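Q: Once you've had a glance at the structure underneath, I'll fire off some questions.
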């Protein structure tokens, strides 16, 4: 799917062109239970509701993807830095995965990055999450490093363990061009 973003309304929400059933809007405290429910479904070691609340307090870029009934179907949290953006978390409800919604949210992150003056976008991902790694690579991210023992994990005997993080990065301008996105 090659989703496109267009202005949706004056609230700062955005929606994919030709797919009015879904829209992105800023995450609010009222969304935290739904976000935490998806997070707990998607990850073995999820962020807590408090982690998301802290992201809102810190004024990170946090948005939810909603359907036509305003049900939260996905979300992302990105932390701005000096000329860079760090994608901290992005997830889609398993019930609606496979529809290109993660690409729609990545497009939104890229556009927000450019609007904030970021030149570089980066993220961490578990190397064992091969599906996500492939999505990021196809999108235009490339691996630049590993963070040793970054994520909590469980070994084959069920004991607490750690997993490295694959650090991936991309130039915002390259992603804009690759995806055919036009900043506002």
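Cβ coordinates come from backbone N, Cα and C, glycine included.
What TrEMBL records for this protein is below:
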REGION    1-20  region 'Disordered'
DOMAIN    22-173  domain 'N-acetyltransferase'
ACT_SITE  124  active site, proton acceptor
BINDING   129  acetyl-CoA binding site
ACT_SITE  136  active site, proton donor
Q: Which whole-number mean pLDDT does the model give the domain 'N-acetyltransferase' (22-173)?
A: 94
Q: Expressed to the nearest Å, what is the distance separating the residue listed as 'active site, proton acceptor' and the residue listed as 'active site, proton donor' at their Cα atoms?
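A: On Cα coordinates alone, these residues lie 10 Å apart.
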Q: Does DSSP give residue 124 (active site, proton acceptor) helix, strand or coil?
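A: DSSP call for residue 124 (active site, proton acceptor): strand.
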Q: For the residue listed as 'active site, proton donor', just count the other CB atoms lying within 10 A of its CB, please.
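A: Excluding its own Cβ, the residue listed as 'active site, proton donor' sees 23 Cβ atoms within 10 Å.
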Q: Quick one: pull the CA-CA distance for the residue listed as 'active site, proton donor' versus residue 129 (acetyl-CoA binding site), whole Å only.
A: 11
Q: What does DSSP say about residue 129 (acetyl-CoA binding site): helix, strand or coil?
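A: Going by the DSSP assignment, residue 129 (acetyl-CoA binding site) belongs to neither helix nor strand, so it counts as coil.
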Q: Can you see whether DSSP assigns residue 136 (active site, proton donor) to helix, strand or coil?
A: helix
Q: Including all protein chains shown, what's the count of other C-beta atoms within 10 A of the C-beta of the residue listed as 'active site, proton acceptor'?
A: 17
